[in-house]
Amino acid sequence: MALRFPRFSQGLAQDPTTRRIWFGIATAHDFESHDDITEERLYQNIFASHFGQLAIIFLWTSGNLFHVAWQGNFETWIQDPLHVRPIAHAIWDPHFGQPAVEAFTRGGALGPVNIAYSGVYQWWYTIGLRTNEDLYTGALFLLFLSALSLIGGWLHLQPKWKPRVSWFKNAESRLNHHLSGLFGVSSLAWTGHLVHVAIPASRGEYVRWNNFLNVLPHPQGLGPLFTGQWNLYAQNPDSSSHLFGTSQGSGTAILTLLGGFHPQTQSLWLTDMAHHHLAIAILFLIAGHMYRTNFGIGHSIKDLLEAHIPPGGRLGRGHKGLYDTINNSIHFQLGLALASLGVITSLVAQHMYSLPAYAFIAQDFTTQAALYTHHQYIAGFIMTGAFAHGAIFFIRDYNPEQNEDNVLARMLDHKEAIISHLSWASLFLGFHTLGLYVHNDVMLAFGTPEKQILIEPIFAQWIQSAHGKTSYGFDVLLSSTNGPAFNAGRSIWLPGWLNAINENSNSLFLTIGPGDFLVHHAIALGLHTTTLILVKGALDARGSKLMPDKKDFGYSFPCDGPGRGGTCDISAWDAFYLAVFWMLNTIGWVTFYWHWKHITLWQGNVSQFNESSTYLMGWLRDYLWLNSSQLINGYNPFGMNSLSVWAWMFLFGHLVWATGFMFLISWRGYWQELIETLAWAHERTPLANLIRWKDKPVALSIVQARLVGLAHFSVGYIFTYAAFLIASTSGKFG
């Protein structure tokens, strides 16, 4: 018999039903479960797949550059970044006739195009790219890197170049490479680019390979570096009247601590950012050399962890046993990496709008909204993934003997206390927040809005004031105009920072009131409940009072038969599955809040948010319904407009989302009956019955159907909101 899919599992390959296909796809990346897998092959497969991942990323970014250079309007956009709409790429085959062609011909293009809401134009402009030729060069370079990555992946699967397991488990060398090599050297290289290319470009000087060695980035060259007069590099910064991209009002400083924003571009000063990256580079270059590699000096991670036994015995044996536990578990390492990456992605979302790094991006409102929403959703998926792999670690890799009485074992020992506290926090937040919202709803419905319960977030306002926001009148710390810190801030450190906080043209320290207080607690409810489900799933993954032998059933099991009542829905996978719904729900509230507050800010009617956000009907009517009018009117008897594509995506997103429930609400028996009826009809229908299949069609397993349902729910949810967000924002602000 010829080898059938899946080749990595002979047991599955011999399955006579369609289960072979679905289980094959589901376990394709679960290398640990494949036939003949060894620890060495497992590590090598994962290592090689990283090169493939890099190749795809480089190819994708190359494509962005290539299409903008070929079909975009980068050179035109540079002339007037605030009024020309940046083009992502052309639309090859516009359907729906002449009105569609006219609706999508914009941004100075000759034919129908898509507008870019990704911020790449602003990014490329900020880092010193100026012509289509620059973009083509970048695209070719990334294509070369992509090919190099593919070759690297292939090479490291060849017998001569396969790394050994000991190489993968050398923690100190990996820290050396990642901290110094990846973070340190790349930050230093980026500082170099900013100083040698981007800052001159922002001052109207075009530095490329042909004049790179002739143009001094600073009039004094390297002199101040070697004589220790580093402050010279900060003297004569760009003035507040500087026109970005020209020499008008420009200075000569390359590394500054100005603080605040460039008045024209409303983005952070390039010289501040160069300084920041230089500091990061030095920090990481030092950090990467603190661990013991080939030279017998520096810290040993294992020794550090073994020594970490807190005094007083309150944490038992402290970190003993953790080194081997983490170093031998890929799932633990992946969980830690995903948790870190999830947090950093959410931080990117928060900082990209509040401290914009790219010239003119703060005035491109649709891009701001799209980037915030994009990064928050990505962060949600990555964070839930961290807990999923944490749970798999407990099931597959955790060794109780190795971790006796250390911090990890003690987490498991008092899991009831952890879970019940999280549960209490979630219940408290949920009932109180909903109670306030519903009370306010009823008061408005009865025509007595003055009877609403409105709570000023005084603690948060006090914290904002302490950081320098004066409008609340707290007169404390940095908002106290006669304090020493305030005066030092005017001269010694970041003189532009306090000005930026108290300007109303940016998103720093937005003024908050009772509506913010309520939605903040609604979001806190979502975060705590999501965390509760994920933490409970991981801590109960090995077993619970109800099902002490749970770990023997693996990560995802539907139930343990009818004999043990109540074992359905308690696998670690079920916890992850439920948590993703809560995660999407929570990020929904986060993005609704961010978007509505900013729409009213940009339109200059902040009072709409302040007055309507204190009761649920206000959110439904004045945010969702009011802003979806553009979508519902994307096409009408008078033809099409440029929002039509978002209107269809809005409908299509709802369709995909609703399809999810088909899989979430009806399970195997229903589908099995339906499949058998359809197969019966197929076999008795002339012509159709010429098509045969070898695999007997069977319904998806309960767990698989849930996955398919969850995937449709998630994708539909995000498609729907993306269309709503982009259409409602671009419809208002162009």
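Yeah, the Cβs are placed from backbone N, Cα and C, and that goes for glycine too.
Swiss-Prot has this to say about the protein:
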- Cys559, Cys568: [4Fe-4S] cluster binding site (BINDING)
- His654: chlorophyll a B1 binding site (BINDING)
- Met662, Tyr670: chlorophyll a B3 binding site (BINDING)
- Trp671: phylloquinone binding site (BINDING)
- 46-69: transmembrane segment (TRANSMEM)
- 135-158: transmembrane segment (TRANSMEM)
- 175-199: transmembrane segment (TRANSMEM)
- 273-291: transmembrane segment (TRANSMEM)
- 330-353: transmembrane segment (TRANSMEM)
- 369-395: transmembrane segment (TRANSMEM)
- 417-439: transmembrane segment (TRANSMEM)
- 517-535: transmembrane segment (TRANSMEM)
- 575-596: transmembrane segment (TRANSMEM)
- 643-665: transmembrane segment (TRANSMEM)
- 707-727: transmembrane segment (TRANSMEM)
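Sorted by the number of other CB atoms within 10 A, the binding-site residues Tyr670, Trp671 start with Tyr670, the lowest. The secondary structure of Met662 (chlorophyll a B3 binding site), as reduced to three states from DSSP, is helical. Counting every protein chain shown, the number of other Cβ atoms lying within 10 Å of the Cβ of Cys568 ([4Fe-4S] cluster binding site) is 13. DSSP assigns Cys568 ([4Fe-4S] cluster binding site) to coil in the three-state reduction, outside any helix or strand. Taking the C-alpha positions, the distance from Cys568 ([4Fe-4S] cluster binding site) to Tyr670 (chlorophyll a B3 binding site) comes to 18 Å. Around Met662 (chlorophyll a B3 binding site), a 10 Å sphere centred on its CB holds 14 further CB atoms from the protein chains shown. Taken residue by residue with DSSP, the residue listed as 'chlorophyll a B1 binding site' is part of a helix. Of the recorded residues, the residue listed as 'phylloquinone binding site' and His654 (chlorophyll a B1 binding site) place their C-alpha atoms 23 Å from one another.
Relative to the transmembrane segment (517-535), the listed stretch 575-596 leads the set 46-69, 135-158, 330-353, 369-395, 575-596 in CB pairs under 8 A.
Of the recorded residues, Met662 (chlorophyll a B3 binding site) and His654 (chlorophyll a B1 binding site) place their C-alpha atoms 13 Å from one another. In this structure the alpha carbons, written CA, of His654 (chlorophyll a B1 binding site) and Cys559 ([4Fe-4S] cluster binding site) are 31 Å apart. In this structure, the C-alpha atom of Tyr670 (chlorophyll a B3 binding site) lies 18 angstrom from that of Cys559 ([4Fe-4S] cluster binding site).
Tallying C-beta pairs under 8 angstroms between the transmembrane segment (369-395) and each of 417-439, 575-596, 707-727 places 575-596 first. Of the candidate ranges 46-69, 135-158, 330-353, 417-439, 575-596, 575-596 has the most C-beta pairs within less than 8 angstroms of the transmembrane segment (707-727).
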